[in-house]
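Data block below; observations after.
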Amino acid sequence: MVVLRQLRLLLWKNYTLKKRKVLVTVLELFLPLLFSGILIWLRLKIQSENVPNATVYPDQHIQELPLFFSFPPPGGSWELAYVPSHSDAARTITEAVRREFMIKMRVHGFSSEKDFEDYVRYDNHSSNVLAAVVFEHTFNHSKDPLPLAVRYHLRFSYTRRNYMWTQTGNLFLKETEGWHTASLFPLFPSPGPREPSSPDGGEPGYIREGFLAVQHAVDKAIMHYHANASAHQLFQKLTVITKRFPFPPYISDPFLIAIQYQLPLLLMLSFTYTSLTIIRAVVQEKEKKLKEYMRMMGLSSWLHWSAWFLMFLLFSLIVVSFMTLLFCVKVKKDIAVLSNSDPSLVLAFLLCFAISSISFSFMVSTFFSKANMAATVGGFLYFFTYTPYFFVAPRYNWMTLSQKLLSCLLSNVAMAMGAQLIGKFEAKGTGIQWCDLLNPVNVDDDFCFGQVLGMLLLDSVLYGLVTWYVEAVFPGQFGVPQPWYFFLMPSYWCGNPRTVVGKEEEGGDPEKAFRTEYFEAEPEDLAAGIKIKHLSKVFQVGNKDKMGIRDLTLNLYEGQITVLLGHNGAGKTTTMSMLTGLFPPTSGHAYIRGYEISQDMVQIRKSLGLCPQHDVLFDNLTVAEHLYFYAQLKGLSVQKCPEEVKQMLHTLGLEDKRDSRSKFLSGGMKRKLAIGIALIAGSKVLMLDEPTSGMDAVSRRAIWDLLQQQKSDRTVLLTTHFMDEADLLGDRIAILAKGELQCCGSSLFLKQKYGAGYHMTLVKEPHCNPEGISQLVHHHVPNAMLESHAGAELSFILPKESTHRFESLFAKLEKKQKELGIASFGASVTTMEEVFLRVGKLVDTSMDIQAIQLPALQYQHERRASDWALDSNLCGVMDPTNGIGALIEEEEVLVKLNTGLALHCQQFWAMFLKKAAYSWREWRMVAAQILVPVTCLTLALLAINYTSEIFDDPPLKLSLNEYGTTVVPFSVPGTSRLGQQLSEHLRDMLQAERQEPREVLGDLEEFLVFRASVEGGGFNERCLVATSFKDSGERTVVTALFNNQAYHSPATALAIVDNLLFKLLCGPRASIEISNYPQPRSTLQVAKDQFNEGRKGFDIALNLLIAMAFLASTFSILAVSERAVQAKHVQFVSGVHVATFWLSALLWDLISFLVPSLLLLVVFRAFDVHAFTRDGHMADLLLLLMLYGWAIIPLMYLLSFFFSAASTAYTRLTIFNILSGIATFIVVTIMRIPAVKLEELSRTLDHVFLVLPNHCLGMAVSNFYENYETRRYCTSSEVATHYCKKYNIQYQENFYAWSTPGIGKFVTSMAASGGIYLTLLFLIETNLLWRLRTFVCAFRRRWTLAELQNRTSVLPEDQDVADERSRVLVPSLDSMLDTPLIINELSKVYDQRAPLLAVDRISLAVQKGECFGLLGFNGAGKTTTFKMLTGEETITSGDAFVGGYSISSDIGKVRQRMGYCPQFDALLDHMTGREMLVMYARLRGIPERLIDACVENTLRGLLLEPHANKLVKTYSGGNKRKLSTGIALIGEPAVIFLDEPSTGMDPVARRLLWDTVARARESGKAIVITSHSMEECEALCTRLAIMVQGQFKCLGSPQHLKSKFGSGYSLQAKVRSEGKQEVLEEFKAFVDLTFPGSVLEDEHQDMVHYHLPGCDLSWAKVFGILEKAKEKYGVDDYSVSQISLEQVFLSFAHLQPPTTEDGR
């Protein structure tokens, strides 16, 4: 029941996601229909010709050899060979045969057949042998007679001589080779008569090659040998002639030939995109950790697969139903693509193929954890599994049944074989029917359609088993691997016996063993929800082991929130991942609600709620759908779901976002939703990994309240980087450092252990005197310590024992506040932040902020002294201009940034190295780029050579028994006695051979026509020969009629007649058994045959196109991923020129393209393909390939703009390449076949398709090959030249000729299109289009803007904001050039269903050395402002100027003057931190000699040195932010934009970042910063504005805003109430009494937060009162500060409506 419910839920999820991905779904439907459409279109275009009357053929005389043989061969006469030469009888018969013919001929005996074969192979005169008669008897003596039962075989030349070019449209038709003795019928049957225009039956040439004449002559000679006189008498009154069966009225349909060859390929291409989509969808879920997240929520793996399978199956069912409809529906009078086949069987076949394709895609997906890589390799494998068909098709008749079945283990081959069978049944005229399911097409074959269906289903099962096994043993990055033999373990099938936690483990206090003073006693009265015992995790990094967690032992209790703290990389996320079963612990145990994590994960997951660090949301599900989905997944009933979801939406405050898709939510809302998912359906164990990162202050508070409410009966584990959050929420706080647990206890316990006393924090004014402050503090409190000096903050530690001196100190500070330049100050007891920093410092001195700051500055001082010999007044910590400023100062003096050509070259080099690094790091991709084309071509050439490695034909007995039981009609219209006699003998003879003689009383030919039209295709297998005995004057004419649909019926028919005559002469025991055993090929012929490959040029081109389709689309991957993560935007902002960016990429990609191209030449050389390797044609081929590269790469760049995910781009562009190359190439090639009669249309299409590089390449390669071979043939001999002229076979002397088959137009087209695509690319990217875009957008949006601005509330504007506006609106020219950033009435409207005014007329001027803070709630318009300022979004109205240049008109110049750190890290995973900084340093134009020093400084200043040489993808979130900030700061741009730079950083890193930013500011840079951390804004900003609904609501320095919008003090106190409410109430009463007018702002658990209004309150006084009250009211901890910025910020909260879209 549960299973069904989960299955239904997953199906609903998959269906909803599919429904929302409209384009993908449409493409999946459209592509199969497109390929079916191509067939329908061809069906309509290819005219079938109706032949209304029966076709009747004339008699064929076999008494004489054809005329061709009356001309002697070059250099001699024809030879008639016989074996064995020592037998007189053999010689006699052969001589008799020679005398029978009128031409000059000599007899040549060979002692054994081997001698004869050697003669044929190696003797140059062997081509003169007309035929050899080989008797299959052992003649011991020369005089031994010939027995009555004669057995012999005729050996004619392998290559036919009397062969005329027939106009089949393909010069070198494979079928012209050999005698087809391996098969009885053609591989592909034809619906009309075979070779309708040849009365002699055409191939393999029994009549025209003289085979029947020789056969009849030998048979007559045998009769004369045994009964000379009576034979002589018989043949005087009897003549034997042959005749072809008449053919009933039929429709001549060249389309059936096209379909037999192309149906498999088109079906395979139809499912390519579906296959790639499946692989991508499944792996993307794995890559985004969604699959593992669902597993953590209690979903079993097999259900996950079943749901995917059912969804894709249902979808495929729709697709194949449409395809069946298109194939079987009659498009014009009684003609469909498959006119005769049973639609239900066609549907069954396509469905079986779809099922096996789905299973195949599943199997491929298990080997990958990255969607890009999976789609790349998966697509290649999909094609790769089709290639064996190229080997199978030509060898089909030689293969045994088991070989055919084995090759069907690849589903694509099985499908191709099935499609081929459908084509054969269609051509046979019956179509495939259910009754034919177990019957082969004809007697030749032993393979039937039922076996194909069976194999497709078997493949699906096998692929499914591989999927199951691989997923269990290699679950990828996330998941617990099973041992390789897991399926043999009973525990796998029956489950583990439940491990009961041992009594000693239950009772034992885990922390006793190593209890130190830093671990607080455990609560006695609470149950432990999670017990962790000695848990360790070791990671393999390269060859080294890296300790992730070392021996962690910890209890987490129900009803409590346990907070886990640690700097980035301390092991918090690792611990959570082990507890949730994402990866297994290396050693140790953990029990969650009594279940062990490595054994009972299934049980544990039922009660687990998880909110991971990264959002694991489905982009296309709405908020409510997420909650529904996960609630039901955890087991909530459908009935209770709506209420629970409604409740949760209310709790989260997301009611208005109920129906928004998650991809449109802002970062903060996504976090809320993730927490909601963790909480929903009453999860008992919650694990929240940084749940509030990226939220604004209001949202964060809401989440705190939510967690406090929800914790009562749950065990909650939470990690965070916000110390106030830890302090407020944590009942117990555990701190990890370097993978080890350092301490654990309540926040109070930790503060007592680690606290050093009180902290006094001062915010400096620009003219501040830090020295003076320091002296003053030390005067009052001698043992005070300077704690940190970061940004605008100074903080001192005042020891507890000096409390009595504080009042006088504070009084003095208040008095001298102006004089010392103090903006504001506050004091607090030990904070959690301090505890955290102290713990870090004890474990690792590199975490000590002062220790870090000093050496960094010292180092810079030394560098400056040595490198630039500049003196500086560096006075340690107190000097404000250092750090990154170290480089800044020099640059003003010495360092001149590169400009002009030098800058362009430097940028080009930087971009080129970026591409090179990508290839180097993504070596698998490069390997695929090289191997795919080489493999494809090698396989194609192997298949072609394998085909052309023509086997010598086997012997074939010319007897009806080969065909099974057949009907032999005969008629005796004459009255002669001989005729009657013969007919009776015939009846007896046939019955003895188990054949069915049938006497026809009327006209025999009419009977045959009637039977053929009644029986249809089956007639050709049941009736192969017929005979008539009629009188012609004195003579009786015996006619051997043969059904020409079978290859060997002429000789078989004659053999029956000759046998009949022999029996008549010599009695029933007489018989002649004849076989056709063609001669082996001579070495000369073998060499010649190598070239006569039918579709070799076509095959080479086709495989090359398949390879190129995959190769070309890889060039889009980096382009898309750079754009998606905004790295490209940041590079442009850093000053890269468009041409530099794209041309460097093009150059590298052309070099990457050259490597496989050269290897392709090597392959052609290895296979010695003359067309491409002789006469200097290798250079031509290389030119073709490189021109293709030059055309296709820019096209891929252009098309990459349509995609936002690299994997999507890769799959869709591969499909585009297949369509634009293979599909167009096949269509044009089919239309060029003369029989199809569409040459004119093919020429038109060929010209239309010239814009597609893929088409040009395919046609050029194919034409080049064909032209070479035709030219070589036509100039090989006079006869050949005569033939070529006679049949108008054209070739070009100049390969580059314009007209077909020259390749001039393709070459020119590729050369031109490369240039055109590049020009288009530059137009899209450059200012020209940018300006046009700005103009058009602005034009369209201005009226919307005016309308919206009229609507916005007419609130009076704040005075400061108005002053700033007027300052900006009337600027002087000097001030414009001097002011780094001026924003003038900037507005932005987003066109949505309801147009959104995101930014509304903001004006601002940011001066040098100023750090301006943009504050606002999520959705206030901060990020949109940044996007406009950096040129990512167009401006609706207004403008902005950077260094005097306008953003609307001079975006290029503007970008050279700005640094930008976007909200989400715009980093390239494949580079190291150092490489990225070096790249951006080059982009900025820092001279090469200084780059290393500059990068070193930046790394040191941001504490990134230990990580400098690691790949960015291995960085933690905090380190990525540091690197992004470093990139913005490097090269000293005039204006720096930082969008939430410190998100996700731990406190140490955050302070270092502030330091760095402050130094940049002090060196004269203008900085604009947005942040959710008010602390950060106070530390860094000189001025700030609070944005609400796209407008500035207030503006000024932090102190100014605090004084204006909030006066008095802020008091936060934590009371030790121990759950007794009255204790807290007493304290609250005390505050109300002592500070009249005080307002209780906030109350959380035991924490109260008051606003103390006070004009008359002095800080010293407040402090004094609280010190005294501390003991009395049990105040654990309090802090008094001037009103904080956060409170000012929150006072604007009510003005901001609920947010709309991400970051706007």
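Even glycines carry a Cβ here, placed using N, Cα and C.
Residues or ranges marked as N-linked glycosylation site in Swiss-Prot (evidence: sequence analysis): ASN14 (among others). ASN14 (N-linked glycosylation site): 21 other CB atoms within 10 A of its CB, across all protein chains.
Look at Swiss-Prot and you will find 22-42 (among others) tagged as transmembrane segment.
Counting only same-chain residues six or more apart in sequence, the Cβ atoms lying under 8 angstroms from the Cβ of ASN53 (N-linked glycosylation site) belong to PRO249. For ASN53 (among others), the entry in Swiss-Prot reads N-linked glycosylation site.
As annotated by Swiss-Prot, N-linked glycosylation site applies to ASN124 (among others).
If you look up Swiss-Prot, you'll see ASN140 (among others) marked as N-linked glycosylation site, on the strength of sequence analysis. Taking the Cβ of ASN140 (N-linked glycosylation site) as centre and 10 Å as the limit, one finds 9 other Cβ atoms among all the protein chains shown.
Taking all protein chains in view, 11 other C-beta atoms sit within 10 angstroms of the C-beta of ASN228 (N-linked glycosylation site). Look at Swiss-Prot and you will find ASN228 (among others) tagged as N-linked glycosylation site, backed by sequence analysis.
According to Swiss-Prot, the transmembrane segment annotation covers 251-271 (among others).
Under the heading transmembrane segment, Swiss-Prot lists 307-327 (among others).
The transmembrane segment annotation in Swiss-Prot covers 344-364 (among others).
Per Swiss-Prot, the feature transmembrane segment maps to 373-393 (among others).
Annotated transmembrane segment per Swiss-Prot: 405-425 (among others), in sequence order, evidence recorded as sequence analysis.
If you look up Swiss-Prot, you'll see 530-763 marked as domain 'ABC transporter 1'. In the predicted model, residues of the domain 'ABC transporter 1' (530-763) average a pLDDT of 86.
Taken from Swiss-Prot, the feature ATP binding site covers 566-573, 1416-1423. ASN1418 (ATP binding site) carries neither a helix nor a strand DSSP state and counts as coil.
Sequence-distant neighbours of ASN620 (N-linked glycosylation site): residues of the same chain at least 6 apart with a C-beta under 8 Å from its C-beta are THR16, LEU17, ARG20, LYS21, ARG661, SER662, LYS663. In the three-state DSSP assignment, the secondary structure recorded for ASN620 (N-linked glycosylation site) is coil. The feature N-linked glycosylation site is assigned by Swiss-Prot to ASN620 (among others), with sequence analysis given as support.
Contacts of ASN945 (N-linked glycosylation site) defined by a Cβ separation under 8 A and a same-chain sequence distance of 6+ are given as PHE1167, in order along the sequence. If you look up Swiss-Prot, you'll see ASN945 (among others) marked as N-linked glycosylation site.
Here Swiss-Prot flags 1100-1120 (among others) as transmembrane segment, drawing on sequence analysis.
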## Note on the structure
Whole-Å Cα distance, ASN568 (ATP binding site) to ASN140 (N-linked glycosylation site), is 98
### Task
Looking only at C-alpha atoms, tell me how far GLY566 (ATP binding site) is from ASN14 (N-linked glycosylation site), rounded to the nearest Å.
38
#### Entry: Most Cβ pairs under 8 Å with the transmembrane segment (251-271), selected from 307-327, 373-393, 405-425, 1213-1233
405-425
### Query
Where among 307-327, 1144-1164, 1213-1233, 1310-1330 do we find the most Cβ pairs under 8 Å to the transmembrane segment (1245-1265)?
1213-1233
### Message
What are the sequence-distant neighbours of ALA570 (ATP binding site), meaning same chain, six or more residues apart, C-beta distance under 8 angstroms?
### Response
LEU736, ALA737, LYS738, GLY739
### Message
Return the residues near LYS572 (ATP binding site) by Cβ distance under 8 Å, restricted to its own chain and a separation of at least 6 in sequence.
### Response
LEU564, LEU565, GLY566, ASP689, THR719, LEU736
### Query
Against which stretches of its own chain does the transmembrane segment (1183-1203) lie, if we need a Cβ under 8 Å and a gap of at least six residues from its ends?
1108, 1112-1113, 1115-1116, 1119-1120, 1123, 1142, 1145-1146, 1149-1150, 1153-1154, 1157, 1160, 1209, 1212-1213, 1216-1217, 1253-1254, 1256-1257, 1260-1261, 1264, 1303, 1307, 1310-1311, 1313-1314, 1317-1318, 1320-1321, 1324
### Task
Report the listed stretch (22-42, 307-327, 1100-1120, 1310-1330) having the maximum count of Cβ pairs within less than 8 Å of the transmembrane segment (373-393).
1100-1120
### Query
What Cα-Cα separation, expressed in whole Å, is found between GLY1416 (ATP binding site) and ASN14 (N-linked glycosylation site)?
37
### Task
Rounded to the nearest Å, what's the C-alpha distance separating ASN124 (N-linked glycosylation site) and ASN228 (N-linked glycosylation site)? Just drop the number here, would you?
38
### Outside the transmembrane segment (405-425), six or more residues from its ends: residues with CB under 8 Å to it
187-189, 256, 259-260, 263-265, 267-268, 338, 340-341, 346, 349, 353, 356-357, 359-360, 382, 385-386, 388-389, 392-393, 396, 399, 431-433, 436, 441, 447-449, 451-453, 455-456, 458-460, 462-463, 1017
#### Entry: By Cα-Cα distance, the member of recorded positions ASN140, ASN228, ASN1418, ALA1420, LYS1422 nearest ASN14 (N-linked glycosylation site)
ASN1418
### Inter-residue Cα distance where the pair is ASN140 (N-linked glycosylation site) and ASN1418 (ATP binding site), in Å
107
### Message
Going by Cα-Cα distance, which of the recorded positions (ASN140, ALA1420, LYS1422) sits nearest to ASN228 (N-linked glycosylation site)?
### Response
ASN140
### Message
Taking 10 A as the limit, how many CB atoms besides its own sit near the CB of ASN124 (N-linked glycosylation site)?
### Response
10
